[in-house]
Structure formats: C-alpha cells, structure tokens
Amino acid sequence: MTSTRLPTSTASPAPSTGRRLLGRALARPSLPALVALLVVSVVFGLQAPALLTTGGLAGVLDTAALLGIGGVAVGLLLIAGQFDLSVGVVAVASPLLTALLVQHAGWDIWPALLVSLAAALAVGLVNAFLVVNTGLPSFLVTLATFLVLQGVSQAGALAVTGSGRVAGVDEAPGWESAVAVFGSTLQVGDGRFRVSLLWWLGVTLVATWALWRTRFGNAVFASGGARTAARQLGVPVQRTTLVLFGLTASAGWLIGTLGLVRFGSVGIGSPVLTTAIDFIVVAVLGGCLLTGGYGSAIGASVGALLYAVSREGIVLSGWDPLWFRALLGVLLLVALLATGVVRRRLKAVPRS
Amino acid sequence: MTEPVHRAAPHLPELELQRLSVHFGSVAALSRVSVTLPAGEITCVLGENGSGKSTLVSVLSGLRPHDEGQLLLSGEPVRFRSPRQARAAGIATVWQDLAVAPLLSIWRNFFLGAEPTRGVGPLRRLDVEKARETTVRAMARVGVTHLDPDQPASTLQAGARQSLAIARAMHFGARALIVDEPTAPLTVNQQTLLLQAIVAARTQGLAVLLVTNNPRYAHLVGDRFLLLAHGSVAGLLTRDDVDAADLMRLMAGGEEFNALTEALTALHSELGDR
C-alpha cells in the first residue's frame, strides 16, 4: 500500500462479550431443533415415562441412527443447494442387490456388499452428472432416478425371486464379520443398543469437521449460498456436487446394509421407501436452509433425534401412531419459522 | 508513446492478448482482440454494454477459456482452466458483483477458493488462525478496523463489503489486478478507496485492467484506454490522445462512439493499424 490515507470505516461496533455469545448461540443452525427436542422430550417424558428408561432410549436412538445417517448426508447436500430424493430407494435397492448376489449368485457377503456400494455410487454419479451438466433442478432429476430405481428394483427382484423377498442371507460366507461391523448390539438393562449408533455418531462427527475445518466444507457452503461468487473465485462447485451426491448414495447404501445385516433378509415392500422425504425433513428440522448456504451436520442429527423422540413418544403414550405425521408437520413448520426469525434478527448466520 | 518513461528496461508485458477470440455459440463475444497490459500501468476498458468487457474480464480471470488466439503471461502462453489457476498465477479480480458469499464469515470469504491449510492427506485442514489474522490485517490496510472476522459477510455494510473484495484482490494479486467496476452505486469514499487500491497496485508494479463506465474516473487514473465495440478493439488510446471530455463523448453512445473513433483515427493515423 502507499502511504496515502485511506478512508476508514468500522465494520460494526464491537458488541459486548455477552451479546456476542448470545449472538453466536442464536446463529447456530441447530438451536431451534435443540429447543424443540427439549420441549418434546419433557412433554412425552411426562406422558410416557417409559420413554426415559434405557429401553425407551434404545428405541429412540435406534430410530434416530438410521434417519440421522441419511439426514446428515442429505443435509450436506442441502447446504450445497441440492436435493436428493433417491436416498430412500438406494437404501432398499442396494441391500436387495447384495442379497440377490449372495442368494442367487452364491457370492460371499463382502464382495456382494462392495458391488452394491459401487452400484449405489453409480446412482449418485448419474444424479450428479445430470444435475451438473444439464442444470436441471436436482429435485426433479433425483425424483426421476428415484422412480426408475424403484421400478427396476421391484420388478427385477420379483422376476428373479418370484416373491420380492430375499431371505437366508445370513448363511453367506463371511456373515459373522459383516455382523460384527454392521450388526453388533450391546444390551444395557432392558435396552438393546445397536452399532448403527456408532456409525451415526461417526458420520456426524466427520461431516461436522469437514464442514467447518476443510476446504471441502467451504466449497459446500459457498456452492449453496453464493454459487456465482464460488465460481468466480475458482471453488470447484461441480466436483463438490459430485462428491456430495456420492455421499448421499453411500449413506443410502449404509442404511440399507445396516437393515440387511440386522434382519438377514430384505424385501421390496420395505418401509424405508417412504423415508426419502423424511431425510429432508430431518435436515430442515435441524436448521439446514432449503436454499443452501446454511446449516450443520449436528443440526441434522438433532433433527433426527427430535423425529425419533416424537415418534416413540406418541407410540409409548398410547396415541394413534397416525398422529405422528401431523406432529412432524407442525414441528417442521415451527422449525422453519424459528430459523427464519433467528436468521433475520442476525442478518443471518454462522460462527466461523 | 509505446514505452512508458518510468520503465528501466524494455521487458515483456505482464499480460498480452494476441488475436484472442471467444465465441458463445456462433456469436463472437470477443473477436481477435490484441492488447498488451504492461506492468505498472492502468489500462481502462471502455465500451457499451455487450461490447465484450465482461468477457474480457472472464478470460483474464480464468472464468472462461479463450477459443482462439493466445493469452501470454510474461511472454508465456497460458490457458486458464479455472479462476483458481488464474489466481495462483497472481491475477486477482474485483468482480462486478464483488463475489462475496453473504452467509459465510468474513475470513472464509477472504480465502474462499484459496484457503491456507496445514496437515497432509485426509487430515489436511484449514489453517484458521492464519486465515483470521491475515484477513484482519488485509482489511485494516484498506481501512476497515475493529473487525470480527468470524462475523458473516452479510453483517458488513456495503462499503466494507466492497473493501473486502478489494483487500482480497490486493492480497492475491501479485502480477495483475483486474477490476470490473462494481455496479452497485458507490459513495465518494468507496470510489476513493477503489481508485486508491488501483493506483497502489500500479505503484507496486502490477498490470492493472479497469473496466469502468465512468470516463472521468478512467481519465483520472488511466494510462491507456482500450475501446471495445462489438467484441473488437475500436481503439487503443493513451492519456496524450484524449482528455476527459473526449472519453465522455466516446462513452456516450454508438453513433457518436463510431464517429469519434473515426475522427480520432483520422487525427492519429497510427491508431488505424491497431
């Protein structure tokens, strides 16, 4: 710089420490979900004390783990400004492929798992390739792949098996080691805690670290919040999108595999098919902005917990389980409004 | 007039375009543009909307590769495949829309696309402390003090946001500074800041390209004036050729533009072969 005097300006008056801390807390994407989680836990804890036993807790965490794995992956994608509706169907089709390879082709479990992972990644790549190269909205692209995959997997499984159900996978060579990785359980009191919890925890931690402390994370935020600026500054937006679609597809595979190893069988009528939207709901509950650029992996996980506590709470309280969808809708609306209010008050966003 | 007096030895210009063309489909956004951007000089680009100014900025910044011709960096032909490469080569840009991500913190914005890291392999991570400190220092150099680099860029006032874009370009621009004058209305202070950054870059010996719609400012700081029309070079003038009023008329509109170009070419016959 030259020694010439520059016009000075202050960015903003430095706030006091207390206000700064409050601002930081309010700026966390997960805050509304945390508050809601607290409220729902207290309400259902009073209604149904069974929820707060180890058994109840195990049930909640069991539901939350699978949702959380998908929710975190979908959350990252949302932050980058994209959708993936095909996670749920990947979670059904990939274990189906694994099971067919084991039962009808006589493969060992591990090669079968690797091939189905590769197939899931291929689906993610196709999604990403279409989104990146055509500029079509990912909502529609992944809706299309969802439909194609649903049709192919159901019709294919019916044609091969005749019943649409593949059982007896647990007799495959290598099954023991697969159970150790994907199906271990730990009995505590009357609660059975599954290894899927550790997977969920791991996914959340790695995703959080990657979001806040790596170049990839910066690229994710910028791709969603300011795509033009990201491109102008040389952020690899397309590569980031590609990786993220690969991640959501892998998450789908992981969810499917955890289910397959638990039951030793898989069928086309599996309820996972309905959860495509639920992953997005969970991520949005956790404060991920639908328009991209804002959100967190921890938020998505808290969203999954909120979802699980509500569902288990309703069941344990003896209400009709159908009420759950209504409650979920209300929670979603509250989360959206809360996120909106907080963001507007702060003129938006995050701690570093 | 071809060599500025303050240059000690004649050496290669920082940036040179040789018959460079860019096509969008069948439309030529830039057509055989040849121009040199010498170090330590400010070249102002003037022209109507759609005359190829933005495309020129895109090519120099690496956002869009050129289709024909050559882009020479210190005499070496280069072809940037991404803005990351251009920035790594020392060419930094102040974008028309400032290229600031409102939801990202200030230091993340400052280093977006070129983050400092430490560690190797899968543990390679952002060097957050270094990035924060560098940001605060660079922002102080352009006059923004009392800055919390963790605040989102959306909390910056318009002027400070522009300062962020300028500070960033000054930090990364080792050889050339490309300034596409922001479209947002600027206060006198902001204008001053922008022009001072440009002049400082010239003093440091950078090649500076300023795209502007303001002929007064152009004449105030510019050493050379590149006139673009329909993607071609309509003229390349120096301070000796024009005064502010001429530039004003040149900017005014198509017919006058052409008439003046002709008139100037008639007055300065050497302009004809450019």
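Every residue gets a Cβ built from N, Cα and C, even glycine.
Those TrEMBL annotations? Automatic predictions, nothing curated.
Computed from a predicted structure; not experimentally measured.
The transmembrane segment annotation in TrEMBL covers A:31-52 (among others).
Residues 51, 87-88, 91, 138, 191, 193-194, 196-197, 199-200, 203-204, 207, 211, 220-221, 224, 244-245, 247-248, 250-252, 254-255, 258-259, 275, 278-280, 282-284, 286, 288-290, 292-297, 299-301, 303-305, 307-309, 311-312 of the same chain lie 6 or more positions beyond the ends of the transmembrane segment (A:59-79) yet place their CB under 8 Å from a CB of it. Annotation source TrEMBL lists transmembrane segment at A:59-79 (among others).
The feature transmembrane segment is assigned by TrEMBL to A:85-102 (among others). Long-range Cβ contacts of the transmembrane segment (A:85-102) within its own chain (Cβ-Cβ under 8 Å, at least 6 residues beyond either end) map to 70, 73-74, 108-109, 111-113, 115-117, 119-120, 123-124, 127, 139, 142-143, 145-146, 149-150, 152-153, 157, 160-161, 166, 169, 172, 248-249, 251-253, 255-257, 259-260, 265-266, 268, 270, 272-280.
The transmembrane segment annotation in TrEMBL covers A:109-132 (among others).
What TrEMBL lists as transmembrane segment is A:195-212 (among others).
Summarising the annotation, TrEMBL assigns transmembrane segment to A:242-265 (among others).
Residues or ranges marked as transmembrane segment by TrEMBL: A:277-310 (among others).
According to TrEMBL, the transmembrane segment annotation covers A:322-342 (among others). Residues 26-27, 29, 31-33, 35-36, 40, 281, 284-287, 289, 303, 306-307, 310-311, 314 of the same chain lie 6 or more positions beyond the ends of the transmembrane segment (A:322-342) yet place their CB under 8 Å from a CB of it.
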Segment proximity, the transmembrane segment (A:242-265) to the transmembrane segment (A:195-212), 3 or more C-beta pairs under 8 Å: yes
Listed stretch, out of A:109-132, A:242-265, A:277-310, that has the most CB pairs under 8 angstroms to the transmembrane segment (A:31-52): A:277-310
Beyond the flanks of the transmembrane segment (A:109-132) by at least 6 residues, Cβ under 8 Å: 82, 84, 86, 90, 93-95, 97-99, 101-102, 138, 141-142, 145, 149, 169, 172-175, 177-178, 238, 241-242, 244-250, 252-253, 256-257
